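Below is one structure, written out as structure tokens, with a few remarks after it.
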Amino acid sequence: MQITFLGTSSGVPTRSRNVSSIALRLPQRAELWLFDCGEGTQHQFLRSDLKVSQLSRIFITHMHGDHVFGLMGLLASCGLGGNVKSVTLYGPPALEDYLQAGLRYSQTHLAYPIKVHKSKPGVIYEDDEYVVSCAYLKHRVTAFGYRVTEKDRPGHFNVEKAKALGIPPGPIYRKLKQGEFVTLPDGRKINGADLCGAPHVGRKFVYCTDTVFCDGAVELSQGADLLVHEATFSHQDAEMAFQRLHSTSTMAAQVALAAGVKHLMMTHFSPRYAPGNSVLLDDLLQEARAIFPNTDMAYDFLSYEIPRWNEVSQLLAKARS
């Protein structure tokens with residue numbers, strides 16, 4: 001699981017930051033999921049090493065323009081030359097009307113099917129490898145945070161141990177690799193888990209924007225390996241954050257701390273903190289780190305491989321022993 005930030009500014013783009021969009025790459029299945037699609041997102045694709053042909057799902061947090069104005073252009077371009085097979089979208093109730101109106105009035109005809117699902121709190125998508133759930137956030141319009149959970153996978157299968165038990169290679173190995181019980185022709189019952197190493201614990205990625213500090217964000221983020229949370233304002237502008245229902249850097253850090261996440265990545269920054277102003281983005285970073293030390297600040301085209309923190313901890317423990 002790797003994320004790439006395609007836009008990290010709030011409201012309007014700047015010379016160095018486009019508006020909101022994050023790509024989640026699932027390389028083992030050559031698939032790409034997009035979270036929000038602000039204006040110019042397709043241009044950001046062209047400036048990155050992402051392949052639009054791998055786009056399969058788009059998750060929209062809310063219907064403000066800096067999160068959706070890039071949708072029509074991206075979907076139209078996918079149809080012209082992206083070789084996209086189909087795209088499934090998830091978002092607020094107004095998303096489908098917005099797309100249908102755009103397609104109708106621009107007389108755009110997509111060369112591939114799209115499906116639009118209305119997001120509701122709870123699980124909105126699940127397959128053999130991943131579960132996607134969402135929760136309400138607290139903003140001026142209906143807004144959702146999204147959580148992607150990678151399912152646990154069995155550990156390394158010990159072929160030599162299986163052979164030593166007299167288990168011949170064949171289709172039965174597939175069940176054993178999945179940690180299942182199997183019955184051998186001689187009547188012996190074998191627990192596949194006994195032939196596998198420690199399981200690979202699934203990673204958890206959470207994306208929360210736009211929102212002021214709220215219980216929904218804390219609950220959705222519980223135990224996340226990576227929380228990407230908006231930090232539109234500095235702590236000194238907290239009054240403005242409450243008025244506009246956005247988060248400060250300290251609110252993002254408080255969510256991370258309360259939810260027990262491993263790593264916080266802040267995004268969605270107001271242009272008011274650009275170089276030359278009295279408060280800079282580095283000040284927001286220091287504010288957050290005072291509460292939650294493992295905090296970083298996103299920037300456009302930053303790619304980040306979400307680590308398996310339990311395996312990192314095991315390696316560190318071995319190195320220290």
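Cβ atoms here come from the backbone N, Cα and C positions, even for glycine.
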**Item:** Residue in Asp210, Asp215, Asp225 which Swiss-Prot records at the Zn(2+) 1 site where His62, His64, His139 also bind
**Value:** Asp210
**Candidate sharing the Zn(2+) 2 site with Asp66, His67, Asp210 (per Swiss-Prot), from His156, His268** = His268
**Prompt:** When a 10 Å sphere is centred on the Cβ of His67 (Zn(2+) 2 binding site), how many other Cβ atoms does it contain?
**Reply:** 27
**Asked** Going by DSSP, is His62 (Zn(2+) 1 binding site) part of a helix, a strand, or coil?
**Response** coil
**Request:** Determine which residues of the same chain, besides Asp66, His67, Asp210, His268, have their CB within 8 A of the center of the CB atoms at the recorded Zn(2+) 2 site, and list them by sequence.
**Result:** Ser10, Gly11, Val19, Ser20, Asp36, Gly38, Thr61, His62, His64, Thr209, Glu230
**Cα-nearest neighbour of His268 (Zn(2+) 2 binding site) within the listed binding-site residues, His62, His64, His139, Asp210** = Asp210
